[in-house]
Amino acid sequence: MRGYTNSSEIRMYAAFVLILLPTAALCYKGQLALGTIGPIPLAIILFAMLAGSIIEIPFAKIRSKKPEQLFKYAPILEDIYSVPIVKELPIGKQRVFNTTLTINFGGAIIPSLAVIYLLLTQPNNTALEIMLIVVVAVTMLSEMMGGIGTVIHEYIGIIALPFALIVEPENAATIMFIAGVGGILAGNIISVATFNKERTGSAFISIGGAGSFKAIYVTTIVATLISHFVV
């Protein structure tokens, strides 16, 4: 996701592929769908999100501060989050990053288009209301981490599921996808727009990429599998 792949990143992709293959088989059999997104288009979206997660599209530049401790902990953070912090540290002046803001193709653009399509073809106020809950949760619980960007808990999108099951169990999968993925992306955007640039920063900050892609993809996979019980 930033021109860097380590063993942690490889394991993540391997795990997602192992989940995706049987999920795609269920889609092929017509047993999974999300609202007006049919089984085959859904399988294509799942593959496209995973493949497209390596594509970052830059859209703006800002200046943000290099945290003092980043130089010390860069190698550790690099291993945990699979981003080339050591290589990126020289970007900008000694204590300031020339930060590039990017949007991830697989983690932001594709799922955003899917969410918008569902809202246009199958309007659902409940999904929007639950999305607000997810947005608040993401905004409160996410962290702008120096050298990484916005870090969002991998399972935060699942917050939408129990609310969906309570209110509209017959549409729980679609509502979870719209509310969970839409809420994560909206919360991600809010975090990027409001973080304290004088306190922390990173050479690259991604919407839907490093720090948030796992949360978005896990939510999408879970919503897809839940649809097996409500299709």
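Each Cβ is built from the backbone N, Cα and C atoms, and glycine gets one as well.
Residues or ranges marked as transmembrane segment in TrEMBL: 37-59 (among others). Outside the transmembrane segment (37-59), and at least 6 residues removed from its termini, the chain residues within Cβ reach (under 8 Å) are 1-2, 13, 16-17, 20, 23-24, 26-31, 100-107, 109-111, 114, 117-118, 204, 206, 209, 213, 216-217, 220-221, 224.
For 101-120 (among others), the entry in TrEMBL reads transmembrane segment.
The transmembrane segment annotation in TrEMBL covers 126-144 (among others). For the transmembrane segment (126-144), the list of distant contacts is 119, 150-153, 156-157, 159-160, 163-164, 167-168, 171, 174-175, 178-180, 182-184, 186-188, 190-191, 195-196, 200: same-chain residues at least six beyond its ends, Cβ to Cβ under 8 Å.
The transmembrane segment annotation in TrEMBL covers 173-195 (among others). Listed as Cβ neighbours of the transmembrane segment (173-195) (distance under 8 Å, sequence separation of 6 or more from its ends, same chain) are residues 34-35, 101, 108, 111-112, 114-115, 118-119, 122, 124, 126-128, 130-139, 142, 144, 149-150, 152, 156-161, 163-164, 167, 205, 207-208, 212, 215-216, 219-220, 222-224, 226-227, 230-231.
What TrEMBL records for 207-230 (among others) is transmembrane segment.
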